[in-house]
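Presented below is the structure to which this report refers.
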Amino acid sequence: MDTFLADLHIHSCYSRATSKSLDPPSLAAWAAAKGIHVVGTGDFTHPGWVQMLREHLVQGEDGLLCLREKSDLSSYIPGFEQRLEAKTRFMLSAEISSIYKQGGRVRKIHNLVFFPGFEQAEKFNSKLERIGNLKADGRPILGLDSRSLLEMVLDTDPWGFVIPAHIWTPWFSLFGSKSGFDSLEECFGDLAGYIFALETGLSSDPEMNWMWSKLDRFAMVSNSDAHSAENLGREVNLFQGEMSYEGMFRALRREGLGNRFLGTLEFYPEEGKYHLDGHRKCGVVMDPRQTMAHRGKCPVCGKDITVGVLNRVMAMADREEPSRPDYQPGFSSVIPLKEIISEILGVGPKTKKVQSFYNSLVHRFGPELQILQNVPVEDLGRFNSPLGKGIARMRTGEVIRQPGYDGEYGVVRVFTDTERQEFKKGKRLMPVAEDNRKQEYKRIKSVQEDPESAARVQEKHLEFNAAQQQAIEAGPEPVLVMAGPGTGKTQTLMGKVSRLLEQEVNPRHILVLTFTRKAARELKDRLISIHGDDQALPRAETMHAMAFEHWKRVYGEEPLILGEEEAFKVFAESSPDLKGSALKKAWQETGAAREQLLALPAAGENYNRQKQDWNQVDYADLLEFWLQELQSGKFVRPYTHVLVDEIQDLSRLQLEIIRELLPEKGEGFFGIGDPRQSIYGFRGAVGDVPQVLRSFWPDLQVVSLKENYRSSRGILELSQGLFPEDASLEAKVALPAGMTLYRAAEGVQEAHWVGQRISELLGGTGHWQMDGQTEPSGLAPEDIAILVRFKALGTVLEKELHRMGIPVCVPQQEPFYQDHRVELILKAASRVLGVSWSQEVFECPEKVLAKGPLGLAAYLGDVPPFDRFFWQSRAFRELEKQYREKGGWAGLINHIRLESELDQAEMKSRKVKILTMHAAKGLEFEAVFLPCLEDGIVPFAGMDFLLGKPAQAEHKSDELEERRLFYVALTRARRHLYLSLAGSRKVYGRLLRLKESRFLSMLDLTGVHKTRARICKTKREKRPRLF
């Protein structure tokens, strides 16, 4: 009789914290790759998901659904080349989160609901809509007790049923230690008899449940609870008999008739994130006996321990050891195949290398679960020796277990640290069968098919050239590393950290400072990827975040930080006699004086007094306070080594803080950056970092990195023309270079040309006009960037690319908080918190605001300018999510204001990016377009000049900094560089006719392909001088 596997608990893209690419075809594809025959749809309570299910699936007579289109599904899995048949069946399922009070306690229970068809599911949804909002989340949160929920299911259809989800999880489960019950009857009352199956959850397995005799009658099912298609099958159920809704229903009820439930494939329970007891914030993990010895308290902070699944099971158990009833099926413990491959290859399980190896295994041996359970280990060993050994150990339970606790996933491995180090030293896999070696090498190494990929892999292994090694070994005297673009700045910084750790410097005595929060996050990720997360690591943080933390530590509460707009309004109110350009000039002078540690003008003094009166803080206040604390000796200097990334972007104020963090002679200082990329003078960045640092520490050692691993030689030689007096960079990666300069008649024509070239790079074939040059195709949209001097220039380009069907995004214009209605909400919250805003604020009681975004939605409804569509919008959903994650309005507002333009360049994948040149700093792309290269735009002469008001212009253009900015833009490109300009263009509705940028005349254009459009003969207006 046929057997089949079913994973019945998953989520959709409409649930929180799930992959946005979740859809029925991707679920079917991954199910086929894993060998799963039936998948729960998840989230059938969400209208948007139901609509998507109806579009993709058709209802069968067996109570299951299948894909409407039977096409090959291999494209839904990265790099998968084998055909995947659309045979996966779907079963309508949903998870309901119930929060209610019963027996004097708050109960938080998750239950799974199943129906045999859309008609029954939508009938059920119509009932739930009267209770709560089904559109807010794929897993709706309802104030509905579990018994009433079960009754509603049974009333809807007799074939509907409920399975309590992950029954032992401390939070949101039937028997959870935090908010669950002590018996099924207590939860479901007189309807408890209608429950015939329970879900074990990732942190327990059937054997643990066999400790409690009251659970003997239930079918113990296990599912993945997948939040992405790739995570399907972490746990699955095995059935025998008819593959139908009724067949599985009867099998779980043990009603015979040829349908049987044969057990489960399970996580090792230690891998679940609530297996043991603990307190993650304090790093405390304990087994049940230790928890009892400490009376359930954390030995570090004294707060309650989160009691894990094992402890809770033991507390409820009435047996000394597990005893499986004769009628209960068994189970097998498995480890996801990618995790085993990850151990062998020594890289993360989500890397392309692991995916490539995974694909080759599925192609060779069949679906993943078949490989884990049925394929002879001898066959696997001939393919790859460590693989066969690892799966053999998994099948016999010879694994290394590091249990999870308090929300921290555990780790289960099949290889020891020594064995994994041996794999790394080998730098290749163990021997494979002779007839498969060549083919398998290609599959595993497919991420290195081109030279630049090879360069990236080399960088990941932290192999250093002579100059990098010199920088890493320099010290203990202060060291400044001059790292040009693409010379391995971050790699060298990581190498310095590794060197200090090798010298047994206490990680807590090492501080790595970055310019942006995004850079700090990336450095933390790099540190973990290199050194692992099982040891203490140095702190990587921004200077503002460090100052913010110190302020909070001193005053005992978080300051509410004024954003740029709010700060300017406070400044204006503090000096009411200043108006227009005089006000703007005074504001700029005040900011420059603070960052450069100069005497404040009178307006600046007024501004400081106003902030003090209103108890407000801006960014500079944080740094000034920290510097004062350092200079007065109130801040204890815990760091012996201070490493600073992007040193060229710091102001005198920030450099003085670094100086105070270190001994008098600067021992332990390591700064890295490139003065040629100093582009933040308008924010107070010093122009000559080496000179300032030498004034601090005359013994400063300077090391220069000149070997470039990013760009083609042609691009490097071209950009060198901007700084001919400096030593040139040496291209170390042989890349084909394509460089083009296009002169358009007008801006719209230029935008169309850019679109055509991008279409060619993406594989397009259409040509609006022939330019005599064929560009290679095959890039992905995310490989391409258009860099403009200021945001308004991107509008025409974005519209044209949209018109041409090219996926494009402008990250700076997409943050959720720029939605007008979100702004109103934030202004209302800020006013309550005491920040000065404009009067454009809707009336809302404080008690409503205190309930958060969902409370506002319930209160405001369709009150203009709000409507039901707004409460369903992406902007509102993101607002609510961030409110929860940041702990309330104050945390959310601070988070938004601490974000910089560079942080906002968290770009959507698979789209061409339109960025400002400033926002592109630190990024790299295969192809870069630099349009609008006219004098007055590049270099920028100020918006007043472009708008025809040169006499009123307060903009003081620093041509040297503008040249550095253009240099940054040029060196973002790896292989393809497109320069363009137009004879005329409109900016803010004004027609401009500007000559080409003076910077182009500095470049050696010998190797650049030049083309132009016919320029219309029009009378050119007289241009005023720019500088």
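Every residue number used here counts from 1 along the chain in the order it is shown.
Backbone N, Cα and C define each Cβ position, glycine as well.
Taken from TrEMBL, the feature ATP binding site covers Ala483, Gly484, Pro485, Gly486, Thr487, Gly488, Lys489, Thr490. The C-beta environment of Thr487 (ATP binding site), restricted to residues of the same chain at least 6 apart in sequence and closer than 8 Å, consists of Leu705, Lys706, Glu707, Asn708, Tyr709, Leu729.
The domain 'UvrD-like helicase ATP-binding' annotation in TrEMBL covers 462-712.
Within the model, the domain 'UvrD-like helicase C-terminal' (701-975) carries an average pLDDT of 79. Residues or ranges marked as domain 'UvrD-like helicase C-terminal' in TrEMBL: 701-975.
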**Prompt:** Around the ATP site recorded as Ala483, Gly484, Pro485, Gly486, Thr487, Gly488, Lys489, Thr490, what other same-chain residues have a C-beta within 8 angstroms of the site's C-beta center?
**Reply:** Thr492, Asp674, Leu705, Asn708, Tyr709, Arg710
**Request:** Specify the secondary structure state of Gly484 (ATP binding site) as given by DSSP, simplified to three classes.
**Result:** coil
**Message:** Please identify which of Pro485, Gly486, Gly488 has the densest Cβ environment, defined as other Cβ atoms within 10 Å, among these binding-site residues.
**Reply:** Gly488
**Message:** Using a 10 Å radius around its CB, how many other CB atoms surround Gly484 (ATP binding site)?
**Reply:** 28
**Fill in**
Within the same chain, the residues at least 6 apart in sequence whose Cβ is under 8 angstroms from that of Ala483 (ATP binding site) are Lys489, Thr492, Ile672, Gly673, Asp674, Leu705
**Message:** What are the sequence-distant neighbours of Thr490 (ATP binding site), meaning same chain, six or more residues apart, C-beta distance under 8 angstroms?
**Reply:** Glu522, Leu523, Arg526, Asp645
